[in-house]
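The structure that follows is given in the form of structure tokens.
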Amino acid sequence: MNIGLIGKGSIGTFLLKKINEEQLLPNHRITAIFDERESSRPTITALAEQYRCEAVFALKTFLEKDLDLIIECATIDVARKYSRRIVKHTNLLLISIGVLADTYFADELEKFAKENGQKVFLPSGAIGGLDVIKAAQVAGELDSVTLTSRKPAKALTDKTLLEEKIVFEGFADDAIAKFPKNANVAIALSLAGLGARKTNVKIIADPIATKNIHHIEAEGGFGQFEVTITNNPSPDNAKTSYLTALSILSVLHSIEKTVVINS
Ligand SMILES: NC(=O)C1=CN([C@@H]2O[C@H](COP(=O)(O)OP(=O)(O)OC[C@H]3O[C@@H](n4cnc5c(N)ncnc54)[C@H](OP(=O)(O)O)[C@@H]3O)[C@@H](O)[C@H]2O)C=CC1
Ligand SMILES: O=C([O-])CC(=O)C(=O)O
């Protein structure tokens, strides 16, 4: 598969290393990196040279490339800006899943993808248990879902905290509006289950925590479910759990398989 990449941060550079340098997924290769900002030219050019792919500075050129999939690992704003045009040309993997909290945008993206025979892949990111939530929801056997995220205080606030503080309590769509770099998991959970207006979220800034801990509780006709994941942070971005990038590799790994385990 020829892959196009948007985002050269902790996830983007990890993918370049694993896929192009280490060839962890022999059937996949990142063939182009895209960034139209003038200020990014030197970095994108250097990365393209290092990882033997092409640096592309115009969206039109990027979309004309022979790409089977474009991976967005940048920001919600980037996802909002480019996704709808991307799915008119090729498949899209979104990691800034929070963009889909805007239901008008999400419906339009789905419509454009469908009309053009493309898929939108949403990895499980920094959480697990979406298989359970999806299975419970498919026949309406899911009544409540709550996510409690505990992150190092400095990932969530500029203020110095001496003790832990609940910085958000409410629904998932408000969580992502307030914490666009920390609550993508809340929207992934919403999409798997009850939607962003019915998924409860609590975010705790913890001055002692060094890991990103997500606790999911759900119940309904299926039974009760609880899972806690204690994520190591990415080496280059403490806000982002390392598992997020691994979950993208996992989607790529499954994409061409004949026997696929649901996740
Ligand atoms: N779904 C999930 O479970 C999770 C999702 N995420 C989300 O994944 C995304 C990527 O995370 P991560 O790699 O850690 O973030 P980083 O901040 O490390 O990297 C983001 C990259 O996007 C680049 N970028 C910003 N604007 C543009 C633009 N207009 N065009 C092209 N590139 C751009 C940035 O470049 P520059 O620095 O030069 O501006 C940077 O290289 C984020 O949105 C994050 O919130 C994170 C964790 C979990
Ligand atoms: O990486 C994490 O632990 C969660 C995160 O930032 C997000 O969902 O945006």
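From the backbone N, Cα and C atoms, a Cβ is placed for every residue, glycine too.
What TrEMBL lists as domain 'Aspartate/homoserine dehydrogenase NAD-binding' is 7-123. Residues or ranges marked as NAD(+) binding site in TrEMBL: Ala126, Asn184. The feature domain 'Aspartate dehydrogenase' is assigned by TrEMBL to 163-248. Taken from TrEMBL, the feature active site covers His214.
Distances, neighbours, how buried they are, the whole picture for these features please.
Over the domain 'Aspartate/homoserine dehydrogenase NAD-binding' (7-123) the predicted model carries a mean pLDDT of 98.
Sequence-distant contacts of Ala126 (NAD(+) binding site), defined as residues of its own chain at least six apart whose C-beta falls under 8 angstroms from its C-beta, comprise Asn184, Val185, Asn212, His214, Ile229, Asn231, Thr240, Ser241, Leu243, Thr244, Ser247.
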Helix, strand, coil residue numbers for the domain 'Aspartate/homoserine dehydrogenase NAD-binding' (7-123) per DSSP?
60 helix, 19 strand, 38 coil
So, three-state DSSP: helix, strand or coil for Ala126 (NAD(+) binding site)?
coil
